[in-house]
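Peer 1: Mind looking over this structure? Questions follow.
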Amino acid sequence: MNDDQAYQLASRGAHLGMILYLLLAISKLTVGTLYQAGSVQADGLNNFSDIIASLAVFLGLKLANRPADYNHPFGHEKYETLSSFIVSILMILIGLRVSSTSIQAIIHPNPATFSPLILVVTFTSVILLYLGQAYLKQLANKTQSIGLKATSRDMRNDLLISAATILGTLASRLGYPRMDGIISLLVGLIILYSAYQILSEATFTLSDGFDPDLLASYRQSILNHPKVADIPAIRARTSTHHIFLDVTIALDPQMSVENSHIVTEEVEYILAMKHHLQDVDIHVEPYHGSSKNSDPAN
């Protein structure tokens with residue numbers, strides 16, 4: 001799948017997320033307000049934040065799909081990661097508001113007016129979120145979109161939140177009004193935890209963090225080449241769909257420039273076949289040591 005196909009599929013997923021969350025937010029906020037159901041209102045606010053999040057993901061995808069230019073020689077893909085960062089901040093704000101309101105509801109419970117419509121809305125929500133999450137997860141795996149992965153995981157959490165909302169509504173109906181506030185608080189905490197996960201991944205990528213175990217596997221694959229004597233330096237960074245690898249290999253100082261070039265091409269081929277790396281920059285220097293066991297972090 002090329003980048004344009006991945007972008008089209010990811011955009012379709014972002015559009016689906018916005019439409020689904022819009023329908024759920026309107027229905028839950030309306031029903032929750034009419035019947036004073038705090039957990040339903042909290043769930044609706046969560047879905048409202050998801051609309052903004054899906055919009056941020058869509059804009060991030062659109063910007064990330066722009067080709068490389070003079071000012072951005074590595075492309076614009078980190079815009080998608082930046083959109084995930086924005087999503088996490090929005091989720092933190094919503095989570096804090098929901099948690100604060102829920103604590104007040106626990107301290108000063110206000111029994112909700114029960115209506116079968118509440119159960120209809122929440123049950124329908126669970127079904128739609130399950131179908132939507134399964135579809136977005138499939139698209140995220142196909143496109144390797146960080147934004148869609150975040151949306152898919154968020155939708156999975158929303159499914160659990162809606163299921164918890166049903167429990168809160170039934171508990172309130174059975175004479176336990178504080179349970180509605182407790183469930184709302186649980187919703188708020190789940191939102192905050194999901195936001196923390198997305199924020200951690202986004203900041204790790206934006207700050208050029210990279211998995212040391214993955215880097216060590218690249219290093220070992222290069223060292224398996226019989227003419228590579230050592231690797232004095234190796235580093236990598238990610239940009240959403242791509243990994244950029246910079247590596248210095250030490251070769252026999254008597255090797256000709258032409259043969260050295262052949263070795264670098266062979267190393268590039270090994271990395272492409274075994275690790276699917278396409279953006280590799282290899283520097284060659286003469287080997288004067290006796291060990292292939294340099295620290296992979298160098």
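Backbone N, Cα and C define each Cβ position, glycine as well.
Below are the features listed in TrEMBL for this protein:
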DOMAIN    16-206  domain 'Cation efflux protein transmembrane'
DOMAIN    212-287  domain 'Cation efflux protein cytoplasmic'
TRANSMEM  18-38  transmembrane segment
TRANSMEM  44-64  transmembrane segment
TRANSMEM  85-107  transmembrane segment
TRANSMEM  113-136  transmembrane segment
TRANSMEM  182-199  transmembrane segment
Peer 1: Pairs of Cβ atoms less than 8 Å apart decide it: which stretch in 18-38, 44-64, 113-136, 182-199 has the most with the transmembrane segment (85-107)?
Peer 2: 182-199
Peer 1: Would you report the average pLDDT that the model assigns to the domain 'Cation efflux protein cytoplasmic' (212-287)?
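Peer 2: Over the domain 'Cation efflux protein cytoplasmic' (212-287), the predicted model scores a mean pLDDT of 91.
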Peer 1: Go ahead and report the DSSP secondary structure tallies for the domain 'Cation efflux protein cytoplasmic' (212-287): helix first, then strand, then coil.
Peer 2: 31 helix, 28 strand, 17 coil
